[in-house]
Amino acid sequence: MNSEERKLYDLAVKHLDTAYAPYSKFHVSAALLTESGKITTGVNIENAAYGSTICAERVAIFNYVNQGLTSDPIKCLLITGNTSRPISPCGSCRQVMAEFMQAGTKIILTNAKGDYKEATLADILPYYFTDGDLADGRNK
């Protein structure tokens, strides 16, 4: 990890305790860096109606949207958890990433012990569905 990514990691680990996970006790945190250096964060937020739970990755991305940063491309998304190996995003999070990130955007999968793996969106979600697929389906 470079110094920018290490800053994301430290921030994400710091926020792990703010996750709201009273049911699973599974805390996840994410930090997102834009090309201009802006950072947004997110933690998982559970709900008694499990389907209403939202993951840390989506919270970080939705904060990016909410702060009006969509014209500033995402450079890197880092995810961490109190896991024995680097944590990986769920399928729903991967699809949301595809909406707001480029195929080559760096994703760093980590754990709170400092282990990590680097990938790109294309690595973790090949053949993802995009707005281009919607347009193509409408034109037939």
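Any Cβ shown, glycine's included, is placed from N, Cα and C.
Straight from TrEMBL, the features:
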- Glu57: active site, proton donor (ACT_SITE)
- Asn44, Ile45, Glu46, Asn47, Ala48, Ala49, Tyr50: substrate binding site (BINDING)
- Cys55, Cys90, Cys93: Zn(2+) binding site (BINDING)
- 3-123: domain 'CMP/dCMP-type deaminase' (DOMAIN)
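Closest to Ala48 (substrate binding site) in space, going by CA atoms and restricting to the recorded positions Cys55, Glu57, Cys90, is Cys55. Long-range Cβ proximity for Tyr50 (substrate binding site), meaning a same-chain Cβ under 8 A and a gap of 6 or more residues, is found for Tyr23.
Separation of the C-alpha atoms of Glu46 (substrate binding site) and Cys93 (Zn(2+) binding site): 15 Å, rounded to the nearest whole number. When DSSP labels each residue, the domain 'CMP/dCMP-type deaminase' (3-123) comes out as 43 helix, 33 strand, 45 coil, counted as helix, strand and coil in that order. When the neighbouring Cβ atoms lying within 10 Å are counted for each of the recorded positions (Glu46, Glu57), the highest count belongs to Glu57. Most Cβ neighbours within 10 Å, among the binding-site residues Ala48, Cys90, Cys93: Cys93 holds that distinction in the structure as shown.
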